[in-house]
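Colleague: There's a structure below that I have some questions on.
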Amino acid sequence: MEREIVSIDAGWWVVSEEHKIWLPAGELPHGDAASLGLAGSSGSRIGEWQGEAVWLIRGSRPDDMGSLRQLLDRDSALFRLAGRGIQLAEFFRSHQWCGYCGHKMHNSRTEWACLCHHCRQRYYPQIAPCIIVAIRRGAEILLAQHTRHRNGIYTVLAGFVEVGETLEQTVAREVMEESSIKVKNLRYVTSQPWPFPQSLMVAFMADYDDGEISIDRKELIDAGWYRYDALPLLPPAGTVARRLIEDTVALCRAQEENGER
């Protein structure tokens, strides 16, 4: 999997360490290893984009180390591949020693895994499933400002799946815990790898069923029902939250134009 990068290796380059990524001029570097000063590094091919290889090099550069969020408005396939590189880099960084016996780990030569030659344990990259749900009530959508978002953005509700839960149970629990309402008519929409740090966002739409909004102030600053044509500041394009909101707005508009509720 990992080998020495030679001068003629070319394509797109994910250079990552501690959740940061090398973004000279705000872009994912593209070109051959020689011109980018990457020849001689250890690297792995992690995918392909626009017919060219995407490479991962685990490490940092003196300048221009930034956040993957800077690529949110780029092609979604490129964003996912860059996110894959960041997650793999962090996985290998955090699995240098075996959690069972404490001996040094070795990277597998055939798959994305770390191996312990002493106790034979095998570790794979962990992914944390997370639900995210847009809730509609007539021509309104439930939006909330989270405590972790101090930029005024309002978004839909989300939360991590707990041990032993189904995705449907997680939706019901998270919505109740954060807003004190019940939902019905749950529909799967899409999913999005979200490497902040290693989530898989599983997106749903749902309809309001019962209850009055009462927020968990450890999680939310504010929450309310907003008409589809009078929305607050929203998450950026490229996020699954924005996709859910836009899909709900389209549904609200279509049903209102048809005289439905």
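Yeah, the Cβs are placed from backbone N, Cα and C, and that goes for glycine too.
What Swiss-Prot records for this protein is below:
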type	residues	note
BINDING	R69, E111, Y124, Q192, P193, W194, P195, F196, P197, Q198, S199, A241	substrate binding site
BINDING	C98, C101, C116, C119	Zn(2+) binding site
DOMAIN	125-248	domain 'Nudix hydrolase'
BINDING	A158, E178, E219	divalent metal cation 1 binding site
MOTIF	159-180	motif 'Nudix box'
BINDING	E174, E178, E219	divalent metal cation 3 binding site
BINDING	E174	divalent metal cation 2 binding site
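I'm curious about the neighbourhood of these features; can you describe it?
Modeller: According to DSSP, S199 (substrate binding site) is assigned to a strand segment.
DSSP assigns C119 (Zn(2+) binding site) to coil in the three-state reduction, placing it in neither a helix nor a strand.
Take the CB of E219 (divalent metal cation 1 binding site) and look out to 10 A: across all protein chains shown you find 18 other CB atoms.
Model confidence over the motif 'Nudix box' (159-180) stands at 97, taken as the mean pLDDT rounded to a whole number.
According to DSSP, E219 (divalent metal cation 1 binding site) sits in a coil region rather than a helix or strand.
Reduced to three states, the DSSP call for E174 (divalent metal cation 3 binding site) is helix.
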Colleague: C-alpha of C116 (Zn(2+) binding site) to C-alpha of Y124 (substrate binding site): distance in Å?
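Modeller: That separation, Cα to Cα, works out to 12 Å.
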Colleague: Can you tell me how many other Cβ atoms are located within 10 Å of the Cβ belonging to Y124 (substrate binding site)?
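Modeller: There are 12 such Cβ atoms around Y124 (substrate binding site).
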Colleague: Kindly assign R69 (substrate binding site) to one of the three DSSP-derived states: helix, strand or coil.
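Modeller: DSSP call for R69 (substrate binding site): helix.
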Colleague: Once E174, E178, E219 are set aside, which residues in the chain still have Cβ within 8 Å of the Cβ centroid of the divalent metal cation 3 site?
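Modeller: Other same-chain residues near the divalent metal cation 3 site: L157, A158, G159, V175, E177, S179, D216, L220.
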